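For reference, the structure discussed in these notes is given below.
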Amino acid sequence: MSESKRLAGEQAIEFVEDGMVVGVGTGSTVAYFIDALARIRDRIAGVVSSSEQSTARLRGHGIEVLDLNAAGPLPLYVDGADECDPQRRLIKGGGAALTREKIIAQASERFVCIIDPAKQVDVLGRFPLPVEVIPMARSLVAREILAATGGQPVWREGVVTDNGNWVLDVHGLRIVDPVALEGELNQIPGVVCVGLFARRPADVVIVGGQPPRVLR
Ligand code: 5RP
């Protein structure tokens, strides 16, 4: 339980408008958003979910979960983050849902990120950067990332993503140019998704507190 996560999640309801299909992220902060969304579920047209975990919670509340291909472009995406810099660029993927999260963020007109104050940093990289990889490419990708960045990739053993892939967590980075690093790591064969959300950052960040702070 985190009071600041709850306050951030509940504040994000302000961005939900009647009739919307809402993109929904993954994690403990998003769980509070989902619970708040349940209270107005009759006012929305449905949701697109970024993970099996969120889908289960949404369906548990009787909220209709739609396929992104059928839903088309979305007006709003609400998701948490592991780190957020002053330009609203993010590290995500602590919950291993980064690939579907990035797809929905890209498909959405407005990305509202909900965080507790501990997630705010000046420079991204203290939180190990998650990278989703095709299983057979795990050690190749790890070697390439080490050579390209000097960061230490660690296999998140035992974790299989909703897409059937594995996750490397890259330690020891200080990411001064997240846009460039996101592009560079995306080029490594076997990389499915990099947990840097810099090319498509959040549009709005809600920092949980009393009162919540809304950064645009
Ligand atoms: C999942 C994520 C989450 O948004 C991130 O890990 C933050 O989670 P939490 O709200 O539990 O702190 O990227 O892949």
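Quick reminder: no glycine exception, Cβ is built from N, Cα and C everywhere.
Per TrEMBL, the features are:
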- GLU101: active site, proton acceptor (ACT_SITE)
- THR26, GLY27, SER28, THR29, ASP79, GLY80, ALA81, ASP82, LYS92, GLY93, GLY94, GLY95, LYS119: substrate binding site (BINDING)
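Sequence features, as recorded in TrEMBL, placed on the structure.
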| residue | record | DSSP (3 states) |
| --- | --- | --- |
| THR26 | substrate binding site | coil |
| ASP79 | substrate binding site | strand |
| LYS92 | substrate binding site | coil |
| GLU101 | active site, proton acceptor | helix |
| LYS119 | substrate binding site | helix |
Which binding-site residues (THR26, SER28, ASP79) fall within 10 Å of GLU101 (active site, proton acceptor) by Cα distance? THR26, ASP79
Could you check which of the binding-site residues THR26, SER28, LYS92, GLY94, LYS119 have their CB within less than 6 A of ligand 1? THR26, SER28, LYS92, GLY94
So the record assigns THR26, GLY27, SER28, THR29, ASP79, GLY80, ALA81, ASP82, LYS92, GLY93, GLY94, GLY95, LYS119 to substrate. If I measure every Cα pair among those residues, what is the longest distance in angstrom, as a whole number? 15
When neighbour density is defined as the number of other C-beta atoms within 10 angstroms of a residue's C-beta, which of the binding-site residues THR26, SER28 has the lowest density? SER28
Per residue, counting other C-beta atoms within 10 angstroms of the C-beta, which of the binding-site residues LYS92, LYS119 reaches the highest number? LYS92
Taking only same-chain residues 6+ apart in sequence, whose CB is under 8 Å from that of ALA81 (substrate binding site), what do you get? LEU90, ILE91, LYS92, CYS113, ILE115, LYS119, PHE197, ALA202
